[in-house]
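Step one of this worksheet: look at the structure below.
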There are 2 protein chains.
Amino acid sequence: MARNASLSGFPEWLPQERLVEQHVLDTLRRIFELHGFSSVETRAVETVGQLLRKGEIDKEVYALSRLQDDDGAAASGAREDPHQLALHFDLTVPFARYVVENAGYLSFPFRRYQIQKVWRGERPQEGRAREFTQADIDVVADGDLPFRYDVELALVIAEALSALPIPAFKLRINNRKLAEGFYRGIGLTDTAGVLRSIDKLEKIGAEKVAELLKSELGATAEQAAQALALASIRTEDTSFVARVRELGVTDELMEEGLNELEQVIAAAVKSAPGSVVADLSIARGLDYYTGTVYETVLVGHEALGSICSGGRYDALASKGSRKFPGVGLSIGVTRLVSRILSQEFATASRSVPTAVLITLADDDSWTGAQEVAAALRARGISTEVAARADKFGKQIKYADKRGIPFVWFTDNEGVHQVKDIRSGEQLPADPAAWMPPAEDLKPRIVVAG
Amino acid sequence: MARNASLSGFPEWLPQERLVEQHVLDTLRRIFELHGFSSVETRAVETVGQLLRKGEIDKEVYALSRLQDDDGAAASGAREDPHQLALHFDLTVPFARYVVENAGYLSFPFRRYQIQKVWRGERPQEGRAREFTQADIDVVADGDLPFRYDVELALVIAEALSALPIPAFKLRINNRKLAEGFYRGIGLTDTAGVLRSIDKLEKIGAEKVAELLKSELGATAEQAAQALALASIRTEDTSFVARVRELGVTDELMEEGLNELEQVIAAAVKSAPGSVVADLSIARGLDYYTGTVYETVLVGHEALGSICSGGRYDALASKGSRKFPGVGLSIGVTRLVSRILSQEFATASRSVPTAVLITLADDDSWTGAQEVAAALRARGISTEVAARADKFGKQIKYADKRGIPFVWFTDNEGVHQVKDIRSGEQLPADPAAWMPPAEDLKPRIVVAG
């Protein structure tokens, strides 16, 4: 991280760290586009009314006001004024608005990826920043969205995460219908309440969740035990189906959920063996998920929290009687990049794009040096020209300090030579033909052994 | 523009428009990196104290406050609290802070490009948004920055603008030393005041500027005439030097400026003939420029304002007695992209990345279709798989509606065929070898004839 970052929760990267972040962003973009997702960006601001539609997280929102607004009313009246502007805290709410506003110009099912910064006024801590980048993919339909997209998105995201310089991950998948149907089947009707309690399992443990279920939801000891038995099921294949059946509960919605989750797991395990788990404890806090839910941890870094989460929503947005169901996932890019950098999972082979520095024999040779540089750049070789005809030693030292691997010399007879300053090897070279070795052309991202 | 953009001044693009914007951003990035500039991003927020250091533009700043901050103090006390957070309004102020904070970890002269959104709470109008993207390049030194970088940056920016799908541009260049020395030479000592008056030339005309010079700066009629004579000089080569000399003024600083501007113009005209003008009326409002100043208009779209501006500053930042001089330029990406889209200077050949849709003969063939898709994607071909085994006609119609050029069929015997839905031509194809024509591989940006 930039060493003196002066605002807690607003990470900034040094140039060599930014190269790692760019590699992550470029990789995600490439994979999303290979799967037919279109890029969309939305504005950074929404109205407070739009942001708080779901009601829950107003504490985290940064409101905007013009500093010199003379009556000063905008900011202090923020809580009452739904037209007040504020920074978006995720990319789902803005995307839902975008879909509704532009429905007439999009062709459905609409596949989009969106990589942008979001802001939350939370207390900063490891893995939780106030400004961070998310990378989202969603498929949204106008009317009906085939379940198959739930399967597809698991495959796309597993492929995307596998392409990043991160340790092994576990994509944990569950299905709300399965859980809700099961709770209903054992006689617990406040299924949302049960989900909320189960969501605390990792934090407070099974015993306390059982108590919650009994005290707050009126569950019997047996009902609590059944709910916990379901949540304890974790399988890396479709054997969870048999495990659920062993619990002896029957319910139509549960069957639908079992069937859906089986399809997702079967396909995902095949595509990313060892990285996918059916985890029947996954609840996901947000209320609008209605089927498949996903979350993802880095193996050995579980305390970092989920690095990629999402799910199916029957109504991402609506416009009159028109419904737009969707399924999507969001990768926490900044959280991942912070971890990649702090653990040195990957580093850049050099900190500058430059492969070659053209040295100057004397001050008049600058124009000729520009021509050599242009010839190299035309073949995609990043090139700088020295600004001053210092002694060669000083020019070479400049290249060395910046991590530029090659320096170029042109003498007064127009003879060209190029020197690898790491090995010291110096050879004649033709500006119209010379290429550096492929591994030196651009900064590479080197993944830790 | 996205058709129902619901907030004035916050433009959003439809997917096919976003492709044009991405092309512009990718092109700028490629050229900046070819010239050895490193990518840096800074956080979106700065403290108000940092933003208002230069004192001038506080009316445009969006301050931030946590919506649920219980005492509500942050926002209303904003004007008094220099630690209050606010959105940056350009990329120069944040970069100056970044350089000072990280000076120990950067190697100088430091070359960086920075492409990010900035926010200004101005009244929105054509070419002036409240949220917009800038693309900046700067070279910054620790101590002394050779003048040659002023020449180099003109070349880089001319190359970058030439690579964009925009009409002819004029890069207008002047030099503050030339102007200030000249004013001093004719006895006008408040050179900043003269610059401010000359800056109004295009808006109010020569006669009114002469009046201003006389009434506000105490110039004689002859002094005013001399100052206006200098400002009337515009040459597409270095002949401005002779034109200035004809005015018969001598001054040491003027000579230095003449010499610098001559070097910049000579090199830039050679590299981008017809696109560069020595324009001695260019003043640039901002006070911190101390030598070369640049601004750029699109020919035939002068009313749009400058699309790329910048200059040399002797102290971009300082840290105790340490000075960081710099030279840089900033491209108004959103202003350019808005104009490219509204005038259809360029359009995307299709609105989705997808080149091929794999159709389904029946619902069980989805898994096999995924394998075909994976084989195509491995060669960089963007591919979607149909979600449902609808009638082929319906599947083809889906591809057609989305602008996907090819559909792929696999029959029950495993025979593969691919159809170009524009020509109707259908041919046998091998998933491990087939490639679409190069022009169909990705959406292309088609420049208007």
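Cβ coordinates come from backbone N, Cα and C, glycine included.
Positions annotated as L-histidine binding site by TrEMBL: B:ASP90, B:LEU91, B:THR92, B:ARG120, B:GLN134, B:ASP138, B:ARG284, B:TYR288, B:TYR289. Under 8 Å, Cβ to Cβ, and six or more positions away along its own chain, B:ARG284 (L-histidine binding site) finds B:ASP199, B:VAL293, B:GLU295, B:SER309, B:GLY311.
Taken from TrEMBL, the feature domain 'Aminoacyl-transfer RNA synthetases class-II family profile' applies to B:20-353.
Long-range Cβ contacts of B:GLN134 (L-histidine binding site) within its own chain (separation 6+, distance under 8 Å): B:ASP90, B:LEU91, B:GLN114, B:ILE115, B:GLN116, B:LYS117, B:VAL118, B:SER330, B:ILE331, B:GLY332, B:VAL333.
If you compare every pair of Cα atoms in B:ASP90, B:LEU91, B:THR92, B:ARG120, B:GLN134, B:ASP138, B:ARG284, B:TYR288, B:TYR289, the residues listed for L-histidine, the longest distance is 22 angstrom. Take the binding-site residues B:ASP90, B:THR92, B:TYR289: by the count of other Cβ atoms within 10 Å of each Cβ, the lowest one is B:ASP90.
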